[in-house]
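Input: a single structure, listed below in structure tokens.
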Amino acid sequence: MGISKKTVVQSFALIIIISIVMSTTEANSIGAPAMREDLPKGCAPGSSAGCKMQPANPYKPGCEASQRCRGG
């Protein structure tokens with residue numbers, strides 16, 4: 001039992017339709033500004049000497065045992 005002529009024609013038609021749709025789509029590429037390193041707002045990429053990023057969660061040391069802040 002072989003593949004019917006109808007199935008072969010439908011397969012070729014589907015391949016042609018898919019290739020037409022894929023060739024006519026417009027794809028926008030991601031430019032270099034989207035992939036550069038993060039800079040704070042208002043800082044130019046060339047003059048970032050005065051634009052230092054602040055840490056999101058600065059280090060805060062834990063408390064002493066004498067302060068009894070951890071149930072101790």
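For all residues, glycine too, the Cβ spot is worked out from N, Cα and C.
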Cysteine from C51, C63 that Swiss-Prot links to C69 by a disulfide bond:
C63
Give the nonlocal contacts of the signal peptide (1-27) in its own chain as ranges (CB under 8 Å, at least six residues past its ends).
none
